[in-house]
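J.: This is the structure, below, for whatever I ask next.
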Amino acid sequence: MFSPYIHKNQFYIFISLLTSHFPTIRSDPFLLFFLFIHHFPHLSIFQKTRKKQQHNRTMGKGGSLSDNVIKNIILSYTYVCIWIFLSFTVIVYNKYILDKKLYYWPFPISLTMIHMSFCATLAFLLIKVFKFVEPVSMSRELYLSSVVPIGALYSLSLWLSNSAYIYLSVSFIQMLKALMPVAVYSIGVLFKKETFKTDTMVNMISISFGVAIAAYGEARFDSWGVMLQLGAVAFEATRLVMIQILLTSKGITLNPITSLYYVAPCCLVFLLVPWIFVEYPVLKDTSSFDFDFVIFGTNSFCAFALNLAVFLLVGKTSALTMNVAGVVKDWLLIAFSWSVIKDTVTPINLFGYGVAFLGVAYYNHAKLQALKAKEAEKKVGQADEEGERLIEERQGEGSVK
């Protein structure tokens, strides 16, 4: 911890070193003060000044929050609520369509292809026709080497995750999804995008242990459904790591709309192959089936609206906010699954998921602290560069005189 005070010897040493190396500083008290506050930012007087300035920016007259801050808070909570509602709706809607006890249309590949076709069409209109979003400049080689592998992983993730709704309850699927940080971290370490840390791995083990307890207490445990959902988590985690390796490292950033524009057609092609052999023969024999445009149209629109909500939420807040909102959404889905769909949720389920939830919460907290530390280092580096630039400018002025 830094002391809030500075010993006079430290002050004398600091002044003597600066003036011996840069004689022009002796006649420039402003520059000396600027360098002093950036090398000793922990002093109480500077901390109080910064806190007062920050307080004045956020608070209006009379100590009340300014209108601009209130507006930003309301907008942020609005984006969070919209994202939670749409994510909740898409999950429950997919369950309704695929579940044997409800609408019962057990064709997850077909449902995913309908989503991808609808999303690709709307993304094309938003980018090419209405010019709502600027497209990303991308060569054919880059598309084949980077986007195609990501599209393949995304198609597998969606196929398996939608298939799991046929065999597992919504509540249990949300509990299994708590393994996502474990999968992302493990695959990141494997591809050397994450640094192995013992404390982080212990946290990952605690999350896995909590999910294992929840699985042990599951009343409708289905081995095939669990394998499908775990496969979906593995493919999705690999996709997220591959985005960092194949796109982000090359300076390419795709928002949810441009991502759909480039990735959705690719997914559609990859899904077409298993669909021809797995679901098309069954659909062909089911001559009594009539395509319900209301059900599948509204379902696809909700899926696309969810991507727009992600675009707004991450753009106006942060990805970490979405992670925290995701935890709230998971608890709401568990409550809805138990109270409305009448899925069985046991005390062991809740205890296990509670353990996993604490692990995920700690993981998000650690990520936030790491981001803050990185931002602080960046600011210190910028301050040092600014100080060196001012010193060089004043030296130049002194030499001219």
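The backbone N, Cα and C atoms fix where each Cβ goes, glycine too.
Pasting the relevant annotations from TrEMBL:
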{"type": "DOMAIN", "residues": "79-364", "note": "domain 'Sugar phosphate transporter'"}
{"type": "REGION", "residues": "379-401", "note": "region 'Disordered'"}
{"type": "TRANSMEM", "residues": "30-48", "note": "transmembrane segment"}
{"type": "TRANSMEM", "residues": "69-93", "note": "transmembrane segment"}
{"type": "TRANSMEM", "residues": "105-130", "note": "transmembrane segment"}
{"type": "TRANSMEM", "residues": "142-160", "note": "transmembrane segment"}
{"type": "TRANSMEM", "residues": "166-188", "note": "transmembrane segment"}
{"type": "TRANSMEM", "residues": "200-217", "note": "transmembrane segment"}
{"type": "TRANSMEM", "residues": "223-247", "note": "transmembrane segment"}
{"type": "TRANSMEM", "residues": "259-278", "note": "transmembrane segment"}
{"type": "TRANSMEM", "residues": "293-313", "note": "transmembrane segment"}
{"type": "TRANSMEM", "residues": "320-341", "note": "transmembrane segment"}
{"type": "TRANSMEM", "residues": "347-364", "note": "transmembrane segment"}
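Are these features on the surface or tucked inside, and what are their neighbours?
T.: Counting same-chain residues at least six beyond the ends of the transmembrane segment (69-93), those with a Cβ under 8 angstroms from any Cβ of the stretch are 58, 170, 298-299, 302-303, 305-306, 309-310, 312-313, 316-317, 321-322, 325-326, 328-329, 332-333, 336.
Beyond its flanks by at least six residues, the transmembrane segment (105-130) meets 94, 97-98, 155, 158-159, 162-163, 165-166, 257-258, 260-261, 264-265, 267-268, 271-272, 274-275, 278-279, 282-283, 296-297, 299-301, 303-304, 307 of its own chain at Cβ-Cβ distances under 8 Å.
Residues 91-92, 95, 98-100, 106, 108, 194, 200-201, 204, 207-208, 210-211, 214-215, 218, 220-222, 224-226, 228-230, 233-234, 236-238, 240-241, 244, 330, 333-334, 336-338, 341, 343-345, 349, 352-353, 356-357, 359-360, 363 of the same chain lie 6 or more positions beyond the ends of the transmembrane segment (166-188) yet place their CB under 8 Å from a CB of it.
Within the same chain, residues 172, 175-176, 178-179, 181-182, 185-186, 226, 346-360, 362-363, 366 sit at least 6 positions outside the transmembrane segment (200-217) and bring their C-beta atoms closer than 8 Å to a C-beta of that stretch.
The list of residues near the transmembrane segment (223-247) in space but at least 6 beyond its ends in sequence, with Cβ under 8 angstroms from a Cβ of it, reads 145-147, 149-150, 153-154, 156-161, 163-164, 166-168, 173, 176-177, 179-180, 183-184, 186-188, 191, 193, 215, 253-254.
Long-range Cβ contacts of the transmembrane segment (259-278) within its own chain (Cβ-Cβ under 8 Å, at least 6 residues beyond either end) map to 109-110, 112-113, 116-117, 119-120, 122-124, 127, 135-136, 138, 143, 147-148, 150-152, 154-156, 158-159, 304, 307.
Residues of the same chain lying 6 or more positions beyond the ends of the transmembrane segment (293-313) and with a Cβ under 8 Å from any Cβ of it are 79-80, 82-83, 86-87, 89-90, 93-94, 97, 103, 111, 114-115, 117-119, 122, 255-257, 259-260, 321-322, 325.
Long-range contacts of the transmembrane segment (320-341) within the same chain: residues 76, 80, 83-84, 87-88, 91-92, 95, 169-171, 174-175, 177-178, 310, 313-314, 350, 353, 357, 360-361, 364, 367-368, 371, each at least 6 residues beyond the stretch ends and with a Cβ under 8 Å from a Cβ of the stretch.
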